[in-house]
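What follows is a short report on a single structure.
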Amino acid sequence: SPCQQLSLRQCVANTNMSNYENIERQVPDPLNTVEPQPPPVERDEVSYWMRCVTIPLVFFYAVGMMSRDNVIQNLILDKVCRYYSSLDEAMCDNQTMNVTVRNILQQDSVLLNMFSQLIQLLPGAFMSLFLGPWIDQYGGRNLMILPIVGNFLGTIVYYLCIQFWPNSPPEMVLVASVPIGLTGAKVIFNMALYKYIANISTKPTKNISFVIADSVMMASIPMASALTGLIFKKAQYAGLFSFSAGFQLLGLFFLFCMPNDYHVRTNSVSPTCNCSTLLSVDSIQQSFYAVFRQRPLNRTRRICLLIGILSLFTLVFQGVDLNIQFFFLANRFNWTMPQYMFFVSWSVGVMSVGSILIIALFSHVFHIADDWIVLIGIFVRVGTLIMFGLSSATWFIYTAGAISFMYGALFSCIRSQLSKLAGSDEEGKLFAVMSSAEACLPVIGIPLFSLIYQGSIGLDPGIIYYTAAAITGLTLILISLHIFYRRKEESQILSTKNELVNNDSQQFSSVL
């Protein structure tokens, strides 16, 4: 390489940022954990076609999973009322039952739902650390098979219990969560999906590639919510679980139609899988080393800050939006499941459309940096959480859902920056640590928010949203530090370039 004859400072001055990142990665690995890879091939046309193929995969997987998860909380509430209380079926269906009785039932339901979420998240948090180096070597396509099959098996367990054992205890949701959790659930699926997208995309197209995947994921939420309400009215739980299982199979079919991302990245046949390395402790060491290894220009700090921001977002989203929101709205406004599904369709629909417009306008038209988009989105998110807590009428809730259009763009911007800060041989490890952090923090957040909600039902249920707003506000500090380090990096590179240009000019003048 020509840069081997120059100092690192001169390389920075004479190359653009992408070339500088390649030079920086030529530093020998003290752990000797990164195997040399063939040079990447040009793949603009191929990656465009492969991104189109990932759209139906993400859609069918997300709709199948969310259509099932949308009714699990309602299923738990129904079973707790019918199995553990002395109330008859008509009383359990009555949404205006005694407030004291309803609060007692919600406390038991929230606790059971918390354990179900933990069973699904904990295995994936540990598995991702082992599988990070593995997908760097073999690609992400084959790994996505595992969580899809696990979701299908869990849905089948739900269907069998509802159809052939209708009087089963509420703890049946824990049994159904076991195959979902043991196969990694959405933690492993997201990690493998983002690694697949990073492999098939060139660096300039990574941003839009992540946005497409996240937008399809978000757009599938209102679709799943609308279908959930319609199917639930017609066929109840059994029909809904059958629909969910069918969509999981369709997602598996499209996954098998997708080419292997290892071949696209290296232009070679994928090596024979060595499954003996999956449970190696070295895999965990490699994953954390890829995050915390020394990088110039504060890039290691920037990576840690981005992972921290994404983890706190997931903490609040999993602990409040997915775990408590239905119980909160049912308690404060006596909402039924169809009413809740309509609201979810409205808010997520606005969010998915708004995030696409925000990325297209701010990033590609005005060329605003991704971290500034994240900063604006955090302010919007904090405002919507406070509005939920203060809501005294349903129009408060719908207004909060409407102004949350900035929130969906945060995840895409953060993942795009993480992918650009790492090399292609480190993306899998980086996504592994990120996925593990996203899964571990809800393990703390779900019990935390559940206990806060249980303790505040009699006082003010909105306390749960004030707490979530305070935690989200911490990310303002983290993203501000990230912006500071990025601008400091840019100023250092610019000053180095200007200094070397001035030196060259002086030398040229002296020669004349």
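Just so it is clear, glycine is given a Cβ too, placed from its N, Cα and C backbone atoms.
Some features that TrEMBL has for this protein:
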{"type": "TRANSMEM", "residues": "143-166", "note": "transmembrane segment"}
{"type": "TRANSMEM", "residues": "172-196", "note": "transmembrane segment"}
{"type": "TRANSMEM", "residues": "208-232", "note": "transmembrane segment"}
{"type": "TRANSMEM", "residues": "238-258", "note": "transmembrane segment"}
{"type": "TRANSMEM", "residues": "303-320", "note": "transmembrane segment"}
{"type": "TRANSMEM", "residues": "340-360", "note": "transmembrane segment"}
{"type": "TRANSMEM", "residues": "372-390", "note": "transmembrane segment"}
{"type": "TRANSMEM", "residues": "396-418", "note": "transmembrane segment"}
{"type": "TRANSMEM", "residues": "430-451", "note": "transmembrane segment"}
{"type": "TRANSMEM", "residues": "463-485", "note": "transmembrane segment"}
Taking contact to mean three or more C-beta pairs under 8 angstroms, with sequence separation of 6 or more, is the transmembrane segment (238-258) in contact with the transmembrane segment (208-232)?
yes
Run the contact check on the transmembrane segment (208-232) against the transmembrane segment (430-451): 3 or more C-beta pairs under 8 Å, excluding pairs closer than 6 in sequence.
no
Residues sitting near the transmembrane segment (372-390): Cβ under 8 Å, six or more positions beyond its termini, same chain?
309, 313, 316, 320, 328, 358-359, 362-363, 396-397, 399-401, 403-407, 409-410, 413-414, 462-466, 468-469, 472-473, 475-476, 479-480, 483
Give the one range among 396-418, 430-451, 463-485 whose Cβ atoms make the most pairs under 8 Å with those of the transmembrane segment (172-196).
430-451
Stretch of maximal Cβ-Cβ contact with the transmembrane segment (340-360) [cut-off: under 8 Å; candidates 303-320, 396-418, 430-451, 463-485]:
396-418
If we skip the immediate neighbours and take only residues 6+ beyond the ends of the transmembrane segment (463-485), which ones have a Cβ under 8 Å from one of its Cβ atoms?
298, 301-302, 305-306, 308-309, 312-313, 315-316, 319-320, 324, 328, 369, 371-372, 374-375, 378-379, 381-382, 385-386, 388-389, 449, 452-453, 456
Are there residues at least 6 beyond the ends of the transmembrane segment (430-451) whose Cβ is under 8 Å from a Cβ of it, and what are they?
110-111, 113-114, 117-118, 121-122, 124-126, 128-129, 131-133, 135, 187-188, 190-191, 194-195, 198, 287-288, 290-291, 303, 307-308, 310-312, 314-316, 318-320, 323-324, 415, 418-419, 422, 464, 467-468
